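Annotated in TrEMBL:
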TRANSMEM  A:35-54  transmembrane segment
TRANSMEM  A:66-83  transmembrane segment
TRANSMEM  A:103-122  transmembrane segment
TRANSMEM  A:129-146  transmembrane segment
TRANSMEM  A:177-201  transmembrane segment
TRANSMEM  A:222-243  transmembrane segment
TRANSMEM  A:263-288  transmembrane segment
TRANSMEM  A:300-323  transmembrane segment
Amino acid sequence: MAEFLNERRMSLAIALALLAVPLMAEWLGNSFYTTLATRAAILALAGVGLNIALGSGGLISLGHAAFFGIGGYAVGIIASHHQAYEPLMTWPLTIAATNQMPVLWLVAILASGLAALMIGALSLRTSGVYFIMITLAFAQMIYYFAVSWPAYGGQDGLSIYVRDGFPGLNTLRPLDFFLLCYAVLMVVLALVRMISGARFGAMLEAVRQNPARVAALGLSPFRIRLVAFVLSGMVTGLAGALYADLNRFVSPSMLSWHMSGEIMVFVILGGAGRLFGPVAGACIYVLFEHVFGGVSDYWQFFLGALLLGVVLFARGGLIGLAAGRARHD
Amino acid sequence: MTEPVLSLSGVTRSFGALKVSDAVDLDLRAGEIHALIGPNGAGKSTLIKLISGEIEPDAGRIRFAGRDLQGLDQAARARLGLARTFQVSSLIPDFSVRRNVMLAVQAREGSGFGFVRQVSGDSRLGDAAMTALGRVGLQDRAQVPAAELSHGERRLLEIAMALALRPRAFLMDEPMAGLGSEGSGALIGFLDSLRGEAPILLVEHDMDAVFALADRISVLVGGRVIAHGSPDDIRADADVRAAYLGEE
């Protein structure tokens, strides 16, 4: 029980630290760090999404950039119509473009969820290294599609001239936008925690540990994994939507396999299967990028060294290192 | 006569040139324990896998609870009421004993997809799990992770999970394997009382258990059923003695 409390305390500390940085920054009048913290929160959310598949479900997806990018492009495409005062479509019915985040998020979640349903339905028939390769292949297909789609920027990407809005907030102010992203992250974490404690979470955990046993109990491991994969894609897609508005820019790089690798690094660095693992991982990633990125162009060398250390000596990631093994009562 | 709960007719399966199941006819009737015996490599475990749906037969039919099982996967067959225990214990190692059984209760209720209500506070799941554990005498070990159980306790947990499914038939693959004589004695008594609840197709090497429990015995050698009958018939059967019992 002590270890469990310890993980909770650690999660709380990470959550408070991520909140404290931009508040301090704003107080000191330097909103650069606010933007940095926003980036960390959004990347953390992408990792929280992957963690549902990878950590809880044991599904090693190297294609989550697909969902991140689809979420981003959903926002970018709608914004490009909105800023040109064009409707999204005119036939069979006219749908006007919007710049309201709640609507954009919903579109991003549905689009990435649909993509995850299709990719998952095909790739979850395989396992192990084949699953890794097939998820990678699907993401690369979408990447090349985006590169060669001139209507929406092709290789150059799409700019969003004015950040989309949220009712009651001025999203152009860095702190407002940070607080919005932070709130989304916390709400999603609360939902993930709820789901993993519920029947679905128990089944998913059991499927990861022993799929043959779950099948013998009468539930299809495939269906449980597919639902997890879709939820996972939706969360990462939502993160992509926020990321588009953070940078006010989307490009095929959001869909590239580098991005998939980065999201996986957040999860593994922080602790796969741990609620706050991806949050810790993304924060450290952004911190390294900022600190060592200023020192050397090869800052990823330091990150690589850290990742190597974690993989070799702390299988539960940094959360596991500090809080011990995950407990299941 | 009522239809047997489970019946196999002409079930055949080959791996390459090797026929591991050769036109097997077998049935399991309500209220009985039907033991399947045979030397190593006779195809007993293959037959369990064919019935449970882990592998498909090349030919032949398997009917269970009035349905043809062809084309149904393992999960669908389990939902129809086929509860299987594995030759090598198959548990969720990181889950506690109680959580393992709760998973079975959850599966019986057909609900893998609850997203809101927390399992840890669900007393209905917990109580049903404790009832099943109480029946096999594992209630005092409820909080222990399954990975930390002794070999014998794992066998009992497998059976508790099968009980929690409230099945129409049990498929038990060597439940006595690796139990000491004391442990298997207790398990014999328990299985004896279980046949009224649901019939058991019992694959077992322990001949004391087989002859103490079985209402009928089928002898499998080289994938074929070479003899079939009451324990007394089997004991007296010359072919069986030559092929199998004589070696013991």
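Glycine is no exception: its Cβ is also placed from the backbone N, Cα and C atoms.
Keep in mind that TrEMBL annotations are predicted by a computer and have not been checked by a curator.
Not measured: the values here are computed from a predicted model.
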Recorded stretch that, among A:35-54, A:66-83, A:263-288, A:300-323, has the most CB pairs under 8 Å to the transmembrane segment (A:177-201): A:35-54
Close approaches to the transmembrane segment (A:35-54) from elsewhere in its chain (Cβ under 8 angstroms; 6 or more beyond its ends): 18, 21-22, 25, 60-61, 64, 67-68, 174, 177-178, 181-182, 184-185, 188-189, 192, 228-229, 231-240, 242-243, 246, 262-264, 266-267, 270, 272-274, 277-279, 281-283, 285-287, 290
Beyond the flanks of the transmembrane segment (A:103-122) by at least 6 residues, Cβ under 8 Å: 63, 66-68, 70-72, 74-75, 78-79, 134-135, 138, 142, 164, 225-226, 229-234, 236-238, 240-241
